[in-house]
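The structure appears below as structure tokens.
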């Protein structure tokens, strides 16, 4: 249950939590920083200022209601599909690896990779903007060709790049 | 290797007994299917298991013992349970015991033959028997190719549970020699309506097949294969859509049983999409015929066509003057303008000739909406194509003229540089021209170059008009394609019974105690909607433009005719 603090590639604070459920089952969870009130209010005020500017120019109140709708829908989409709160990795010995990313709205998307599919786990490097970042990824076995790799699954994707 | 015990969650309150299920040695895991209660006669159990094996082709065996003690621990029973292991020999012998209402069970294995007593870790995985039995893993395994299933995968567990369906279908009130606990179906659902429909579906399908064979026989007859007619059929989108629907009906009414899940889903999807299509079509028809909407439609259609022609005339007049302040070649401008104006004049007289019959035609055409909304939409697309035939003609004339000029200019430009196109070698060679040739060529080049803006303007205006019509038709075709291809049944199934279409599994770690085995809950991870649509999308006949945007622009620039859809209704008249 130890929680350790790190920084992501862009400098945002991250919290890593390890839990040992049993000898063969262990869970690693990376928590991303939550949605800041500061940035939320900044975006809201920016949208509203723009809407008021347009309203003054064209004197049509449709602009204001459109701004409300845009703001609401944008926020819902952001919370439900974009903003990831926590990413966790559940490793169950001889059964498989489960990746879970939970969104800010509570939605969870899960993928389970069977142990027989896992070929290897490697640390890869990639060029992101102007720097080189390192990330962990799982190589999946190709069912047709035992030597080949069918897919590369990056782990803790958002936590690394955010 | 860790020992995994897949335990059905419905058996957690079963009385003491023995566990039966399948042992998958590749994964070192045991899939428990049912609990046989005390008392039983071992010979009868063995006999029963043999019968089950024959029916289900799953190697079901006794895997261990299950002890659910409500009161204090009974010493004698635990010894007795160990002794059971000698009667039903299985390696390893799994012993699970539950005390009172405790959530944490004791789980141990007994290895008789092996001398080394190693402490194996055990994971208890709970699963919902019903959901696992009914779900289908995606992507579907093509078992026909492999023959035997791959036992090292999780799908082996799904197959085991699904194949032993017979085990669960036994009647709960049927007093057999063996009492078991497993997921119990409530008997086969039966209602009079469903039974009647099942009975009626067979003759209905036969009748449908007969009618379809008649229709397709007529369609394939020699009379309709002659040149002008076959050409007409291939260009009318209505005919394409009708042919597509005919194929669908043939698939549905065929007496062959669907071999696998994919085909079954395909049939169901086609059926639902056909139903929805016809329902929408009948809705449209009821709206059309209620307050004489057809008459209103016909009354507005002719003025609209007239209006379009008038607008075109105005446009041509504008082009014949000095459009947007451009100075054109006056003589060529006048010739082109008069040519197009005469065409429009012809068109208007044609429309006026047609106008008395339009309402009647529309009335009969409207009846075809009962064949489905898609058919009605295709007819609409064809009518648009027919009514904007003059625009198509203008476009073709403009494009041909422009194309001629562009090609002439490019070849003369080569002459200008002392080169020529070698047809045999498909390349540009250098060539020495005479003085006369050069003189004439340069003269022609100049004339063509100075006449190009006039033609280009006409070409541009008519291409824009043509693109407008094509976009409207394209939207209609997109709608038709959408209705044709959306797998509605799969989407509804995913929405209502999300476990039926499984993308995989997910595990949840349940709370645990030290010294007790790890407990996991296996849940079914449903397929995402995008994947459902991707997997079960019905194939359509319509092909999207194959050329990319750049090649399209290149074609437009060179004046080649663009055909965005293979099936277009503009060419016939």
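Placement of Cβ uses the backbone N, Cα and C atoms for every residue, glycine included.
Cross-referencing B:230-249, B:250-269, B:270-289 with TrEMBL places the feature transmembrane segment at B:270-289. Of the given residue ranges B:467-492, B:493-518, B:519-544, TrEMBL assigns the label transmembrane segment to B:467-492.
The feature transmembrane segment, as given by TrEMBL for the ranges B:180-199, B:200-219, sits at B:200-219.
Checking TrEMBL for transmembrane segment across the ranges B:305-332, B:361-388 points to B:361-388. Of the candidate ranges B:200-219, B:361-388, B:437-461, B:361-388 contributes the most Cβ pairs within a distance under 8 Å of the transmembrane segment (B:270-289). Looking at B:200-219, B:361-388, B:394-416, B:467-492, the range that has the most CB pairs within less than 8 A of the transmembrane segment (B:437-461) turns out to be B:394-416. Long-range contacts of the transmembrane segment (B:335-354) within its own chain (CB-CB distance under 8 A, at least 6 residues past either end) are made by residues 302, 305-306, 309, 312-313, 316-317, 319-320, 389-390, 393-394, 397, 454-455, 458.
Counting only same-chain residues 6+ beyond the ends of the transmembrane segment (B:467-492), those with a CB under 8 A from a CB of the stretch are 237, 241, 244, 265, 268-269, 271-273, 276-277, 280, 373-374, 377-378, 380-381, 384-385, 388, 391-392, 501, 529, 532-533, 535-540, 542, 562, 564-565, 568. Sequence-distant contacts of the transmembrane segment (B:361-388) (same chain, at least 6 residues past either end, Cβ-Cβ under 8 Å): 236-238, 240-242, 245, 274, 277-278, 280-282, 284-285, 288-289, 294, 297-298, 301, 305, 308, 469, 472-473, 476-477, 479-480, 483-484, 568-570, 573.
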